[in-house]
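Q: Below is the structure I would like to discuss, written out as structure tokens.
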Amino acid sequence: MAKSAGQIVAASRAEQKITGEQIVHSLLSDFMELHAGGIGSDNPAVIGGIGLFHGQPVTVIAIDKGDTIEDKVNKHFGCPTPAGYRKSLHLMKQAAKFHRPVLCFVNTPGAYPGQEAEETGQGAAIAQNILEMSQLPIPIITVIFGEGGSGGALALASGDQVWMLENSTYSILSPEGFASILWKDSSRADEAAQIMQLTPHDLQQKHIIDGILEEPNDHRQVVQNIDRVLQQQLSQLQKMPVEDLLKQRYERYRKF
Amino acid sequence: MNLYDHNNTLTAHHIKADREADAKVPDNLWTKCPKCETTVLTDDLDQYQTCPNCFYGFRISARQRLNWLVDQFTEFDTDLQTTDLLNFPGYDQKLAKAQQRTKLNDSVLTGTAMIGQEKFGLGIMDPTFIIGSLGTVTGEKITRLFERSTEQELPVVLFTASGGARMQEGIMSLMQMAKVSAAVKRHSQAGLLYVVVLTDPTTGGVTASFAMQGDITLAEPHALVGFAGRRVIEQMMHQKIPRDLQDAETLLSHGFIDRIVRRQDEKQTLQWLLKYGG
């Protein structure tokens with residue numbers, strides 16, 4: 001039986017969910033992590049680097065929620081800081097320079113809302129990512145594999161295609177936030193999830209996303225599903241003249 | 001338990017009924033500046049609606065701003081209407097009320113304007129229209145503003161004011177950030193100038209997109225400019241945050257704003273930038 005929106009929200013946040021680390025290291029045959037963003041600090045919530053995807057060098061950017069408690073705290077439970085977004089933009093521009101496609105993997109409750117994040121320009125960092133991604137002359141594909149939290153997710157999901165694992169969500173705010181605004185009661189999150197249209201199925205119907213990937217319990221199979229679709233789509237996008245690619249990307253968002 | 005039958009009370013029956021008398025009494029005889037707490041006789045506020053002490057600009061509608069900002073204006077896209085995609089309870093009524101009050105179809109006014117000899121694309125977000133939130137029509141109007149201005153090789157000036165995404169429109173509101181940004185980028189690639197004027201409040205998804213994509217970024221004194229809401233930050237940090245964390249002046253000192261400009265100087269400043277800045 002199909003899962004309810006509330007069940008999908010719970011599954012997207014489940015402890016046993018595949019991690020950004022796992023995806024990066026099992027999808028690519030060789031991965032070298034790169035840390036620099038050139039802006040004062042590194043943000044461990046964003047894993048970035050270059051790896052080989054079926055023998056082809058690609059730039060990979062993945063949000064990771066962390067493993068141990070200490071790791072989770074360091075990564076703000078998968079909420080990137082401005083430095084994380086600036087690192088990802090630095091890597092995307094580098095990818096464009098060397099004609100490497102970009103693969104993004106997103107699982108975030110949202111961009112980190114802390115004092116320091118405000119002081120270092122969280123809004124500006126996200127704004128620059130979205131602005132630049134619209135015209136980078138290389139294919140950019142995003143897979144949302146858990147939570148797709150608002151602008152913090154969009155900052156890595158405004159390229160050519162967006163795919164979602166079946167147990168993931170993509171929304172303007174959390175169901176808890178929505179319920180607390182609408183009914184002043186965050187415990188009615190399940191009801192909120194129903195009306196928010198945040199499930200992969202709802203989003204595909206609105207053409208917000210390009211497709212849904214099955215998500216069996218075995219993480220190796222999940223990676224295989226991601227692998228298959230990325231290989232297929234990447235080869236299509238790489239055949240396109242850059243001009244057509246960018247025109248298609250513009251149209252993708254223009255219709256909303 | 002009611003002590004008196006409601007219909008027998010004076011308030012319900014007599015006072016409220018005299019609408020004519022009510023209308024003669026000004027709503028707000030006194031205005032208190034929310035920033036420096038100076039109290040001003042409302043009648044003493046001029047067309048610019050700024051605090052005489054700290055120059056904070058009170059929240060004004062887009063049409064009020066238009067009155068003193070430009071010499072000529074031709075409005076675009078007054079006919080676009082949003083649809084209630086999520087069937088959000090009470091959204092239709094909320095929209096109708098905002099439309100009636102602001103004389104706008106959504107939270108932004110767009111068109112072509114002239115200041116002196118300078119012709120440009122102009123957008124003014126309206127903080128009195130559902131706190132200037134970013135709905136589909138808002139995004140569409142701003143996108144068209146950039147597309148038309150690119151076609152006509154005109155610079156763009158955009159006054160931002162927004163509580164962020166419009167949650168009644170869900171994910172479609174988020175998509176506006178990508179749609180507008182792509183149009184801003186094309187305008188920029190055509191070598192055209194984009195000047196942003198941040199006004200109170202500019203937050204959330206608007207800050208995280210076109211408010212922070214200008215070539216030159218101005219702000220009004222003490223305008224609130226930020227990404228996350230104060231309450232959200234305090235809950236995350238488990239402590240109070242500085243009162244001025246999201247003041248335009250703080251962002252200026254952190255290097256995110258070029259200049260703070262008082263309302264009475266905006267017209268002249270924009271004219272200069274349109275002439276020499278792009």
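Quick reminder: no glycine exception, Cβ is built from N, Cα and C everywhere.
Owing to the predicted nature of the structure, the values given are computational and were not obtained by experimental measurement.
OK, TrEMBL features for this one:
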- B:Cys33, B:Cys36, B:Cys51, B:Cys54: Zn(2+) binding site (BINDING)
- B:29-278: domain 'CoA carboxyltransferase N-terminal' (DOMAIN)
Q: Enumerate the residues of the same chain, B:Cys33, B:Cys36, B:Cys51, B:Cys54 excluded, that satisfy the criterion Cβ within 8 A of the mean position of the Cβ atoms of the recorded Zn(2+) site; list them in sequence order.
A: B:Pro34, B:Lys35, B:Glu37, B:Thr38, B:Pro52, B:Asn53, B:Phe55, B:Tyr56, B:His222
Q: Under 8 Å between C-beta atoms and at least six apart in sequence, can you list the same-chain neighbours of B:Cys54 (Zn(2+) binding site), or say none if there are none?
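A: Result: B:Cys33, B:Lys35, B:Cys36, B:Thr38, B:Pro221, B:His222.
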Q: Give me the count of other Cβ atoms within 10 A of the Cβ belonging to B:Cys51 (Zn(2+) binding site).
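A: Its Cβ has 21 other Cβ atoms within 10 Å.
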Q: Near the Cβ of B:Cys36 (Zn(2+) binding site), how many other Cβ atoms are there if near means within 10 Å?
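A: Neighbour count, Cβ to Cβ under the 10 Å cut-off: 13.
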Q: Taking the Cβ of B:Cys33 (Zn(2+) binding site) as the centre, count every other Cβ atom within 10 Å, in any protein chain shown.
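A: B:Cys33 (Zn(2+) binding site): 18 neighbouring Cβ atoms within 10 Å.
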Q: For B:Cys51 (Zn(2+) binding site), just give me the three-state DSSP call.
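A: In three-state terms, B:Cys51 (Zn(2+) binding site) counts as coil.
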Q: Kindly state the mean pLDDT of the domain 'CoA carboxyltransferase N-terminal' (B:29-278) in the predicted structure.
A: 95
